[in-house]
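J.: Quick one: the structure is below, and I'll ask about it shortly.
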């Protein structure tokens, strides 16, 4: 790099020294000090010091040029491509410079480029050292480059570095992630000089490969366990589905750090134990362990899943108190939480205040609007996003299509599907087609929906056929529903929801023999049904209700309230929609069946425990039935309450006898 005429910045004639005094002839030490202080957060200063290093000839020094590359490769700047350009001009880069660029590539989530830089290093005959291989082996792990990882291991042996515990632990982790337990064991036993970090890596490898007993045996045989050893076991056992054993280990820990609590919380979340995850988080608060943003993001996801608004608001207040601003990850988690807890206004407030947004932030807000049936607002935000130079991705378009589906905007949805590839460079995926089938099906255009399925360039998934089956149920198309139902029972023989939908179609048509045949088929195939669960957050505690479960301490009062509520609704003209009941029984028994749906139990609890006029929020794991939907419209009018219900598909805002979905659901 002998000239500076192509550099995209002005070469200053004077620079600031470390004492902020002007000097015209900076030394190598001055340049290095500037690079390690002012240039770590300011790209403007970095470019000035870069120009100065070129003018003074200090760029020829590997410490200076290497540190320049390190600064440009800082993920804070998102400037890896320029760092690689600078690296290309370093004369005869030594191991120090190569190690920096390899690490920089990995830190910028470009593991393949890190491996490529190592290849250049071997070609340049720059001898790798013990600092090269931990980063390289991790890059092979992230890139899932098994062949290159084995070659790197061979190079480690050839260089005589297999005794280094940092290299060894990185290699064990790599082999474990590839599912190669034998390779991990070989690396563990090389030279017989493994420490606790290597043993922890081996335990992690066993658990990743599902060898639980081997992991337990090695763990209990270790004399020098550290908190990391326990954390690996807790996290790994949870990931293997051994959540109870993970909790027992967690309880046995004499010393816990923030990672320990995070591992247990994440384990519960991955297993779907959301209430238990919140319990652990509350215990963590009582122990005065300060949670990091990753734990907070995970817990916010839990709050979103169970509708724990009070807990989510506490986290929001905690972040406000302990931080000046939200980063994109935490801010997006808050947007998602508020939207899924029914507070779209608060989601919008967080979104508007976020200084730095990413594409996934816009996606969270667009999908939140879609979930609440605010299609026009979702589309407006979609165009605003593009005006601010954010490029939509597949999730963005899925959110917009979902918004169209929930609001019956057929023309708009079809237009987006048709221009996805041409305008946005995104090939429609299975989820996009599923949304369009759902859109057409909800609008009653069943023939057109079926045509879309057969026009797909890929084999339609069960989810796509399921969207059409749901439309058949909604519009009472028995012939098409029967045909689609048989396809689904072949594709997903263990999915109870498919049997329920087909049974519902038969029941509505009065074809009780066919309903019975579906039930027999379920018994033959040992299909387990999904239990309807409704949750309501009251005073920071999530209360859960299931039909037929009388374990709640207030159940007697809830049943009494429910009885009075139904009686009052009938006086106002409510007539139970018994077509929802999938049994050929007496009408009176059908009405009793409908009365104890989990969402009605949750509403009764809400009416008992909240103040008059307070909004009631309910979260249900399955779709709400038509009878509950009709009843809730009337409840909102009779009891003068706003009721917000989030089911598996969308949000319903009931107020003064109407629903936000306008009965298009």
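Quick reminder: no glycine exception, Cβ is built from N, Cα and C everywhere.
TrEMBL does not curate its annotations; it predicts them automatically.
For 573-665, the entry in TrEMBL reads domain 'DYW'. If you look up TrEMBL, you'll see 195-225, 226-256, 257-291, 327-357, 358-392 marked as repeat 'PPR'.
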J.: DSSP says what for the repeat 'PPR' (226-256): how many helix, strand, coil residues?
T.: 23 helix, 0 strand, 8 coil
J.: Counting by DSSP secondary structure, give me helix, strand and coil numbers for the repeat 'PPR' (327-357).
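T.: Counts, helix then strand then coil: 23 helix, 0 strand, 8 coil.
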J.: Count the residues of the repeat 'PPR' (358-392) that DSSP assigns to helix (H, G, I), to strand (E, B) and to coil, and report the three numbers in that order.
T.: 26 helix, 0 strand, 9 coil
J.: Could you count the residues of the repeat 'PPR' (257-291) that DSSP puts in helix, in strand and in coil?
T.: 26 helix, 0 strand, 9 coil
J.: Within the domain 'DYW' (573-665), what mean pLDDT does the predicted structure show?
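T.: Taking every residue of the domain 'DYW' (573-665) together, the mean pLDDT is 81.
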